[in-house]
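Participant: Copied straight from TrEMBL:
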- 1-22: signal peptide (SIGNAL)
- 60-193: domain 'Cupin type-1' (DOMAIN)
- Asn91, His96, Glu101: oxalate binding site (BINDING)
- His94, His96, Glu101, His140: Mn(2+) binding site (BINDING)
Amino acid sequence: MALLLKSVLVVAVFSIFSIAQASDPDILSDFIVPAGSAIDGNLFTFNGTRGIFGSIIEKFKVTKASKAEFPVLDGQSVSLAVLQFPGGGVNPPHTHPRAAELLFAAQGSLEVGFVDTTNKLYTQTLQVGDLFVFPKGLVHYQYNSDWNKSATAVSAFGSANAGTVSLPTTLFATGIDDQILAKSFKSDVATIQKIKAGLSS
């Protein structure tokens, strides 16, 4: 009985530690200064999105302002991305394991959707000024169905490092055996290889 109790305690402590590591850290200061940085207004300024609005959009592009690009976000539990869609452009199905996403339609219109854990699909067509929330960790997408106009959206995340898991890339460009994918999708190896070839072009 004592061994069982110890085992349960070890599992519980490990589980709590794992949960604590799944989000941004709570910091004990106002902000974290990246090594070698001067503490002035420049530290808190990100200019990587300058010139985006009004530019010509030729292919789908994401410009991120996360902890990697804007180090002072460390510990602030916030980040941002600007998504630019040409006509017919898509942000393929993906997830953000560490944050929900709040998307603001800034230009054009977008068809968006997510799938919950019961496999129910929720969709909406967004117009300029609309907001849509993608719950944390759920598979979602955005699509510009207007082939004649570009679209731009701004996404906010509740993490400095939301992470992105792109389903097409994760499934078909990471070396998972073709036989496993064919069986999983009730398909054949030739079809899987065509999908893989399409991702690399």
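Each residue, glycine too, has its Cβ placed from N, Cα and C.
These figures come from a predicted structure and were not determined experimentally.
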Participant: To the nearest Å, how far is the Cα of Glu101 (oxalate binding site) from the Cα of His94 (Mn(2+) binding site)?
Facilitator: 12
Participant: Residues other than His94, His96, Glu101, His140 within 8 Å, Cβ to Cβ centroid, of the Mn(2+) site?
Facilitator: Thr95, Phe114, Phe134, Leu138, Val139, Ala162, Thr164
Participant: Around the oxalate site (Asn91, His96, Glu101), what further same-chain residues have their C-beta within 8 angstroms of the site's C-beta centre?
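Facilitator: Going along the sequence, the neighbours come out as Ala81, His94, Thr95, Leu103, Phe134, His140, Gln142, Ser155, Phe157, Ala162, Thr164.
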Participant: In the domain 'Cupin type-1' (60-193), how many residues does DSSP call helix, how many strand, and how many coil?
Facilitator: 21 helix, 55 strand, 58 coil
Participant: Could you state the CA-to-CA distance between His96 (oxalate binding site) and His140 (Mn(2+) binding site) to the nearest Å?
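Facilitator: His96 (oxalate binding site) to His140 (Mn(2+) binding site), Cα-Cα distance: 9 Å.
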